[in-house]
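The following features are taken from TrEMBL:
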- A:Gly13, A:Pro14, A:Ser15, A:Gly16, A:Val17, A:Gly18, A:Lys19, A:Gly20: ATP binding site (BINDING)
- A:6-184: domain 'Guanylate kinase-like' (DOMAIN)
Number of protein chains: 2
Amino acid sequence: MFDEKGILFVLSGPSGVGKGTVRQRLFEKETHLKYSVSATTRKKRPGETEGVDYFYKTKDAFKKMIEQDELLEYAEYVNNYYGTPKEYVEEQIEKGKDVFLEIEVQGAMQVKRNFPEGVFIFLFPPSLEELKNRIVRRGTESNDLVINRLKEAKKEIDMMSEYDYVVVNDDVDKAVEKVKAIIVSEHCKRDRIENQYKKILEDDTNVRTIN
Amino acid sequence: MFDEKGILFVLSGPSGVGKGTVRQRLFEKETHLKYSVSATTRKKRPGETEGVDYFYKTKDAFKKMIEQDELLEYAEYVNNYYGTPKEYVEEQIEKGKDVFLEIEVQGAMQVKRNFPEGVFIFLFPPSLEELKNRIVRRGTESNDLVINRLKEAKKEIDMMSEYDYVVVNDDVDKAVEKVKAIIVSEHCKRDRIENQYKKILEDDTNVRTIN
């Protein structure tokens, strides 16, 4: 009905909160969303696929992307880089497609500066105890790294106030339903569509018949 | 999980846009919502029931309610009064229940002044032509009243900018799904729940173990 632009949705939250799981489940249900695959220098984990979960880069290759301003955001996190290629996101939004990013908190805040019209969703742990268990269970980090990650997580939770929405991840399906509702309702926001609606009324020849 | 207050949702829009139909369909699906029945001095229409669709009042009885400050909002509209009893709404919200109001535009704006924390949804006609057809088809008004209602409708559409959301009613089921999504997503708004979440973290004894 409307020549509407897409919306950039950013799902973020502390490391270990379950962002990846929520994103995967969401994409099983919401086929209209475009997922922007991030670039990273961190090592591939078992079960992950190049070009699907991440584009895995060497540090040198990643730094070149930064220099050439090819990233919408990037962050160094626990000695690795993560970033979002810029061009794809901008193209999809212009075409009216919603783009969904799942990224670390530092990256989300850079996106917010570059795309203040984006919608920022903070995935919240049911408790810090649960968050700790999830990070420990992952089993890919040394003890020192686990403690580092938990400290980072606490700092990141303090950044919640920069977000538009908070979704608690006590149940993956419930969290996904909430993210889906946020996507639908954001398209109904008055300030996004007011001008388009008024234009339709002005174009409507019937306006003259009741003036 | 949280000791959360309810939210007041206000569905409004021009006369004839289909507010009542959307509200009825919504309530078939969303049993957790509390509907606040309005008081009115307009005549009961075929199929309507006292205490379900409205409390039907004489003008004298309605004026007494105004004087005794028993209404959250009231409006005179095409020579009739419409109003919302205050006590019920406040009680439900305090108990953590969502309250849903379906009211005329003038009433919605009064509620906004009294309850700025409410969520205001504007139901938008697919076109003015369609709106006109709906008002004429209703068949309960004289020609002059139909013209009056259409003029009012145009004025009311200009008030869209006072609302938080705009839902176009080109398809009742789609409109209901959008209103449902707005209800879910509003409960995820960061500014509504930030303080509650931070309190949980402070209460969490595990915070100490990672400081």
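Cβ coordinates come from backbone N, Cα and C, glycine included.
Whatever TrEMBL says is automated annotation, not expert-curated.
Overlay of TrEMBL annotations on the structure.
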| residue | record | Cβ contacts under 8 Å, 6 or more apart |
| --- | --- | --- |
| A:Gly13 | ATP binding site | A:Lys19, A:Val105, A:Phe122, A:Leu123, A:Phe124, A:Pro125, A:Glu156, A:Asn169 |
| A:Pro14 | ATP binding site | A:Val105, A:Pro125, A:Leu131, A:Glu152, A:Ala153, A:Lys154, A:Glu156, A:Ile157 |
| A:Ser15 | ATP binding site | A:Tyr77, A:Val78, A:Glu104, A:Ile135, A:Arg149, A:Glu152, A:Ala153, A:Glu156 |
| A:Val17 | ATP binding site | A:Leu123, A:Phe124, A:Pro125, A:Leu131, A:Arg134, A:Ala153, A:Asn169 |
| A:Gly18 | ATP binding site | A:Leu123, A:Arg134, A:Asn169, A:Val172, A:Ala175 |
| A:Gly20 | ATP binding site | A:Asp53, A:Glu102 |
(Q) Using the CB centroid of A:Gly13, A:Pro14, A:Ser15, A:Gly16, A:Val17, A:Gly18, A:Lys19, A:Gly20 as the ATP site centre, which other residues of the same chain sit with their CB within 8 A? (A) A:Leu123, A:Pro125, A:Leu131, A:Arg134, A:Asn169
Q | Secondary structure of A:Lys19 (ATP binding site) (DSSP, helix/strand/coil) | A | helix
**Q.** Subset of binding-site residues A:Pro14, A:Gly18, A:Lys19 within reach of chain B (CB-CB under 8 A)
**A.** none
Q) Counting every protein chain present, what is the number of Cβ atoms, excluding its own, within 10 Å of the Cβ of A:Gly16 (ATP binding site)? A) 22
(Q) Counting across all protein chains present, how many other Cβ atoms fall within 10 Å of the Cβ of A:Lys19 (ATP binding site)? (A) 20
